[in-house]
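Per Swiss-Prot, the feature NAD(+) binding site maps to 78-91, 286-298. Annotated substrate binding site per Swiss-Prot: 99, 109, 138, 228, in sequence order. If you look up Swiss-Prot, you'll see 228, 252, 256 marked as Mg(2+) binding site. As annotated by Swiss-Prot, site 'Important for catalysis' applies to 145, 196.
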């Protein structure tokens, strides 16, 4: 096990720098109180990088990430850069190249409802009464978003058409399936694979390989759902699911659905991993430029993203559990930021960071 870690910190735009400051408080505690040894180096990314260095992903930033064991990412984008050509906007010109460069093929999106925040869910109270804790695993580098040929054409009779190609290679499905089963072993030992194998050849291959991989994990129960049924079942009874294994397009849809039924995207972290478990860890929400600089953003998603880095990037489950426990502790005590408060008595961004940090120090 590594004893020295290097973390590249990329705060980015909008609320990114604000919530990242609260993650720094947790990093300081990990170093001083838990005696973890790591080096932290901060780099520009996104719109601020365009403004200061001319590129959304400067070479210096990419090189710094290459020398690191993990990337802790904030958020990118904002109205200032919305009139740029789409390929040059921070969201496209920073995050997608990072995913491609490091071959981050697996996106992990936890969707958990806390008992203290059940009232925020758009689902009926009897559905969320028992809570839910779903881990959506989305294949991130294959499928219809990357398949070729893809384009638009104009026929001689002036009829325009567009086309995309859904392609999956066996090795792409194999590696994401193994990861899903391995993660399920540390949870509730259930994997539900999402496909459309009654129509799509790519889904038939997906289902066949997932079934084959499942034989290596006899302690994990495997089920299959068509994407249309899965979307309905998540609304009807989310508590029946543990790990959802999804192709790229279906995972894009499912992970957002799982996020919205929790009631606040400001609570949700994510991780994108490659085969060596190198990862990029970031909040599931965006840069929220409308509230940037107001000190009202919820830092919990950024702190929980750091927890995922500790869990998967450092393989320190016990310490990650303590970070998660500190977040739960402050919620149980009634501390809220504006987005999860039902009144005007809420904490500022820095105040929420402080109470979580104090809970981590005290072991609450």
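In case you wondered, yes, glycine gets a Cβ from its N, Cα and C as well.
Classification of residue 292 (NAD(+) binding site) by DSSP places it in coil, neither helical nor stranded. Of the recorded residues, residue 99 (substrate binding site) and residue 145 (site 'Important for catalysis') place their C-alpha atoms 13 Å from one another. Neighbour counts were taken as the number of other C-beta atoms within 10 angstroms of each residue's C-beta; across the binding-site residues 86, 288, 292, the minimum falls on 86. By a simple count of nearby Cβ atoms, those within 10 Å, the most crowded of the binding-site residues 78, 90 is 90.
Close to the recorded Mg(2+) site, the chain also has 227, 231, 249, 250, 251, 253, 254, 255, 257: residues not among 228, 252, 256 whose Cβ is within 8 Å of the site's Cβ mean position. For residue 296 (NAD(+) binding site), the spatially nearest entry among the recorded positions 109, 138, 145, 228 is 109, judged by CA separation. When the recorded positions 78, 138, 145, 228, 252 are screened for a Cα within 10 A of the Cα of residue 196 (site 'Important for catalysis'), the ones that qualify are 228.
Spatial neighbours are here defined as Cα atoms within 10 angstroms of one another, and by that definition the neighbours of residue 109 (substrate binding site) among the binding-site residues 82, 90, 256, 288, 292 are 256. Look at residue 228 (substrate binding site): DSSP puts it in a helix.
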